[in-house]
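S.K.: My questions all concern the structure below.
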């Protein structure tokens, strides 16, 4: 009776009387304005903010429909025939879901193909459609209910309209009682479900779209609303940037796909650690509907407020260079407010620079928050005059400088980097192999190629390294593998991750199919990816994945170093600087001066044995010392 509509699903074998239709996003369905993630993000069948969660290519299998349809209709003999619709497991990892929206109301007829409801899972928002005609008798789980366990009954449908009235006061408790025993006078009526609060989304509000925080990467569990690009009341045109969200991987901008108006911002700018599925804002189609949402406050975000940065310890005041009395009398200082200090990031920075104790500043911002104006107008209270009692001169105390350190909040990206690096060092048995490579031939070939490409771009030494690494991975595929706990996955294509340092932290954009690309194409890809990485404009598909990683610190003069493996990859190549060295030669002098580069290969010993790692380095060295062999 039900079917699931989602996208990015390759196959599903329908059961008798049921089939699955997977909707596409190319033609947005009618209704409130849809919002999509940055235009560069591949759709993957996911609507980012308007209920569709990005970040998983996991494909639901036939068991989705089996779980959805596997429970036969449970009928209570004291009630007309009806169908109990349970919440199925719509992804391999789903344990609970959120009723994003009911498309049908109680009493309405449901025709074949009608959309009944949208359920937000841990992977995407999945819509249910009817394959048969029926009537919505009772909605048991209100719209907006979060963390509904899999298997919970969410609604009741009946075949005949005259049966709807029998379920007017239907609850799951009353149904259980009816099936367990014969009819008997109830001791007390069951408590009715709590009515939705006046501030909760409901039918009293105009037609609107509640925008929720989706999963923008496979490992994302929360995000930070870095900046709102639109204000309440502003018109949203197609292509406008709505907001920027900092995930555990990068900062991603959301663009508006259809016209509308921003009616309400539910999560203030700068709010950190916002859980997935939290409503972010409200969008309406008509400008006159904006005023209706002035006091709109869904229950999911009533307690969500911007988190204050870690409190700055009060700076130690400089001790005046006067003799210290034997029994000093503490000067009376005004007691600051107890508890948490709410302060904007800019005000906190200014206070640290000026050495101002935030507990003594009275905030004039929303809910008493300290803002820049409060710091600028703050006048510190004068300390009580020192006692005039004479005291024997004592040793002078060296003044302690104010603001000797600053606490830098940890971004989501930095936190994830720390977690993954710790995981790598604790779970992967690293070992390291080093070799010197004569770069003389590469430098000559590079010089000739750049003359040919003059005005079109330049090929760097790093581009030769990427190409040689990719070809070596084809020759020694064990190094182009991944540890998957139960199997070792050997990849047939080489996607080279290139470590790039950005203000937000280290990120590894990917040169896909590096083994079949020419040097000019690799150079163009690297320049584009590095620029986007430093500007924070990388899309998730551009840095998630990869089969082999290169980290180059040679441009900083580092001779050699050992890099940490990027799981689940098995190897990472650390590139050091080139330096001139004397090498034996068959000439009159008996030696030549060569530009020699030191490289170190970090290997996962579970996947790559020492001999295999040495074999890979030999192939890599051969390609660089005779770059013409890259053409074979």
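Cβ coordinates come from backbone N, Cα and C, glycine included.
Owing to the predicted nature of the structure, the values given are computational and were not obtained by experimental measurement.
For reference, Swiss-Prot lists these features for the protein:
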TRANSIT   1-77  transit peptide
DOMAIN    82-158  domain 'Lipoyl-binding 1'
MOD_RES   91  phosphoserine
MOD_RES   123  N6-lipoyllysine
MOD_RES   249  N6-lipoyllysine
DOMAIN    342-379  domain 'Peripheral subunit-binding (PSBD)'
MOD_RES   451  N6-acetyllysine
MOD_RES   458  N6-succinyllysine
MOD_RES   532  N6-succinyllysine
ACT_SITE  605  active site
ACT_SITE  609  active site
S.K.: Sorry to bug you, but what's the C-alpha spacing from residue 532 (N6-succinyllysine) to the residue listed as 'N6-acetyllysine', rounded to the closest Å?
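M.R.: Residue 532 (N6-succinyllysine) has its Cα 27 Å from the Cα of the residue listed as 'N6-acetyllysine'.
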S.K.: Using residue 532 (N6-succinyllysine) as the reference point, find which of the recorded positions 249, 458, 609 has the shortest Cα-to-Cα distance to it.
M.R.: 249
S.K.: I want to check the contact list for residue 605 (active site): same chain, sequence separation of six or more, C-beta distance under 8 angstroms. What comes out?
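M.R.: In sequence order, 429, 430, 431 meet the Cβ cut-off.
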S.K.: Could you count the residues of the domain 'Lipoyl-binding 1' (82-158) that DSSP puts in helix, in strand and in coil?
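M.R.: Going through the domain 'Lipoyl-binding 1' (82-158) residue by residue, I get 0 helix, 39 strand, 38 coil.
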S.K.: Sorted by position, what residues of the same chain at least six away from residue 609 (active site) have a C-beta under 8 A from it?
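M.R.: Once residues fewer than 6 apart are set aside, residue 609 (active site) is near 478.
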S.K.: DSSP on residue 609 (active site), three-state: which is it?
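M.R.: In the DSSP reduction, residue 609 (active site) maps to coil.
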S.K.: Counting all other Cβ atoms within 10 Å across every protein chain shown, which of the modified residues 249, 458, 532 scores highest?
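M.R.: Selected residue: 249.
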S.K.: Mind checking how the domain 'Peripheral subunit-binding (PSBD)' (342-379) divides into helix, strand and coil residues in DSSP?
M.R.: 21 helix, 2 strand, 15 coil
S.K.: Where residue 249 (N6-lipoyllysine) and residue 458 (N6-succinyllysine) are concerned, what is their Cα separation in Å, rounded?
M.R.: 30
S.K.: So for the residue listed as 'N6-acetyllysine', how many other CB atoms are inside 10 Å of its CB?
M.R.: 8
S.K.: Would you mind pulling the DSSP three-state label for residue 532 (N6-succinyllysine)?
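M.R.: Looking at the DSSP assignment, residue 532 (N6-succinyllysine) belongs to a helix.
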